[in-house]
Amino acid sequence: GHKHICFLTKMVSFNIIRKSLLSVLLAVVLAGALPELVVGQNCGCAADMCCSQYGYCGTDKDYCGPGCQEGPCFAPPATNDVSVADIVTDAFFNGIIGQADASCAGKNFFTRAAFLEALNSYSQFGRVGSVDDSKREIAAFFGHVSHETGHFCYIEEINGPSKDYCEESNTQYPCAPNKGYYGRGPLQLSWNFNYGPAGGAIGFDGLNNPEIVATDPVISFKTALWYWMNKVHSIITSGQGFGETIRAINGQLECDGANPDTVNARVEYYTDYCNQLGVAPGDNLYC
């Protein structure tokens, strides 16, 4: 779990967690706040401390791992020589989006070319471990995306504008007036505290222009890959199993019996894509 969550403790009681990109953080609330949590003023951390993607100073993997901005950041693992484009073929991608109805907004928005362009910024995706590990990560990513978007049908969350995804106590990523931080993109990026750092990492104004995630397909895919690489990638590459990726994405609302139907749906997508890619899905499929 991540420990940069001093702002999120109130949120649990509000019971407003759904398919937000928050559930991976919740376990940390239960573990209690970290005493060494110090806000980095524009990453002005001490020389021996890392500045996390969220602008906090610390020394463990939550600060020095994925998204670390400066300081003694951990070196990423070596990549293998897998070509993700050779696995995510036209046939594979079209086999997913081809199941979306012709009237779907996402049908003419999400493209394999946009995915591959976004992928240029995330060289670790699908390239850590063995070839089978690569295939499992790719199957897992597209399994979750298929579930979140209905085979790339939806760009935005259904009825998203009617929902409030502003955590007002988060002063680091303050909500802009009349802006909605509801689900957009392949993994339905949600909440101001995700739009802010995603924009900072990718290069758009996530707080003042969240709409771009639904209008620029490359940025849209980049938000999904940003979230994946920071919250999910290490789970699947370390062999914890697909079930733990569900927990990272929406565990609070789905795992431990909360919604077995959605868990089963995600697992079905994942195992189908593993079969298409010729790889065993592995153990620990459910959560």
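Just so you know, glycine gets a Cβ as well, placed from its N, Cα and C.
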Exercise. Which of these, Cys43, Cys45, Cys68, shares a disulfide with Cys57 in TrEMBL?
Worked result: Cys45
Exercise. Which of Cys255, Cys274 is the other half of the disulfide bond that TrEMBL records for Cys287?
Worked result: Cys255
For this session: Return the single candidate from Cys50, Cys51 listed in TrEMBL as disulfide-linked to Cys64.
Result: Cys50
Exercise. Choosing among Cys68, Cys73, Cys104, which residue does TrEMBL name as bonded to Cys153 by a disulfide?
Worked result: Cys104
Seminar exercise, completed: Reduced DSSP state (H/G/I helix, E/B strand, rest coil) at Cys45 (disulfide bond) is coil
For this session: Please report how many Å separate the Cα atom of Cys64 (disulfide bond) from that of Cys255 (disulfide bond), as a whole number.
Result: 28
Problem set entry | Model confidence over the domain 'Chitin-binding type-1' (40-75) (mean pLDDT, whole number) | 82
For this session: Could you give me the DSSP helix, strand and coil counts for the domain 'Chitin-binding type-1' (40-75)?
Result: 4 helix, 6 strand, 26 coil
